[in-house]
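Colleague: Below you will find the structure I want to go over with you.
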C-alpha cells in the first residue's frame, strides 16, 4: 500500500505540472479536518491517478485491482459520511420536527447522489475492462479515449455532488449548533431569578409563535434554491454532452478523412504497380523491333532502280 501511495504522489506531481491551476483548485476546495472529507480526498487522489491512464493504470485496469481499490475508498467515504451525519443528529437538539425531517431528507438525497455516481464510475471501469478483453471491432485507442472522456465528465459530476453534500451537512451542523445553544439558554433560564425566567418565557412564547413561519419560509427558500441548482446542473450537463458529441463527430470525421487518404494512396500504389511493368515491357518490345529493323536494313541495303531512257 505504501508503494501505491508513492506512485500516486509521483503521478500527482506530474499531473500538477501538466494540468495547472484546476487541480490546485480541487485541493484547496477540500482542505478540511472532517473524517469524511479526508476519506473523499483519498478517493480524489486515486481517481486522479486513474485519469492519467499510464501504463501501470492500463495494466491494473485489466485486472480487478482498480475496481477493488475504488470499492474500498467508496465504502470508507460513505461510512464516514453516515457517522458524521449520525453525530450531527445527536447534536441537533430541540428543533422543529419539520426542520429536522427536511434537513435529514436533503442530506440523504445528496449522500445518495454521491454514492450512485461513485457506483457509476466503478461500473464504467469494469465495462472498460470487458471492452479491452473483447475488442469488438474497436481499437484500444478508441476505447481509451472514450474512457478518458467519461472519467472527466464523472469527475465533474462527483465534484458537484461532493460540494452539494458539504453544503447540506454544513446546514445540518448549523441546526445542531443552534439546538445546543438553545439547550444552554434553557439551563441559564432555570438558574436565573424568577423575574428573568418570566421575561425569558414570554420572549420564548413570542419566538415560538414566529418559528413555524420562519421554518416554512426557510423551507420554501431551500426548495426554490435546490430547484434552481438542479436546473443549472442539468443545463451544464446538457451543454457538456453537446460539446462532447461535437468533439466525437469531429474526431470521427478526421479519422474517416485519414482512412480515405490512406486508401487513395494504396490504390495509387497499386495502379503504379500494375502499369509500370506493362510500360517497361512495351518499351523493351519497341526497342527490340527498332533493333531488328535496323539490322535488316544493314544486311539488305536498298539498291536504286535505274530510270528508263526516253527516246
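Just so you know, glycine gets a Cβ as well, placed from its N, Cα and C.
Given the structure is predicted, the values throughout are model-derived calculations rather than measurements.
According to Swiss-Prot, the protein has these features:
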type: SIGNAL; residues: 1-18; note: signal peptide
type: REPEAT; residues: 72-93; note: repeat '1'
type: REGION; residues: 72-247; note: region '8 X 22 AA approximate tandem repeats'
type: REPEAT; residues: 94-115; note: repeat '2'
type: REPEAT; residues: 116-137; note: repeat '3'
type: REPEAT; residues: 138-159; note: repeat '4'
type: REGION; residues: 150-160; note: region 'LDL and other lipoprotein receptors binding'
type: BINDING; residues: 154, 155, 156, 157, 221, 222, 223, 224, 225, 226, 227, 228; note: heparin binding site
type: REPEAT; residues: 160-181; note: repeat '5'
type: REPEAT; residues: 182-203; note: repeat '6'
type: REGION; residues: 202-282; note: region 'Lipid-binding and lipoprotein association'
type: REPEAT; residues: 204-225; note: repeat '7'
type: REPEAT; residues: 226-247; note: repeat '8'
type: REGION; residues: 258-311; note: region 'Homooligomerization'
Colleague: Given the binding-site residues 156, 225, and counting only Cβ atoms in the protein chains shown, which has the most within 10 Å of its Cβ?
Modeller: 156
Colleague: Given a Cβ distance threshold of under 8 angstroms, which distant residues of the chain, six or more beyond its ends, lie next to the repeat '3' (116-137)?
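Modeller: For the repeat '3' (116-137), the sequence-distant neighbours (Cβ-Cβ under 8 Å, at least 6 residues beyond its ends) are 43, 47, 50, 61-64, 66-67, 70-71, 74, 77-78, 143, 147, 150-151, 154, 157-158, 161.
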Colleague: Around the C-beta of residue 154 (heparin binding site), how many further C-beta atoms are within 10 angstroms, looking at every protein chain?
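Modeller: Total other Cβ atoms inside 10 Å, all chains included: 18.
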Colleague: Mind looking up the mean pLDDT for the region 'LDL and other lipoprotein receptors binding' (150-160) in the predicted model?
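Modeller: Computed over the region 'LDL and other lipoprotein receptors binding' (150-160), the mean pLDDT is 90 on the 0 to 100 scale.
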Colleague: Among 154, 155, 156, 157, 221, 222, 223, 224, 225, 226, 227, 228, which the record lists as binding heparin, how far apart in Å are the two most distant Cα atoms?
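Modeller: Across 154, 155, 156, 157, 221, 222, 223, 224, 225, 226, 227, 228, the two farthest Cα atoms sit 29 Å apart.
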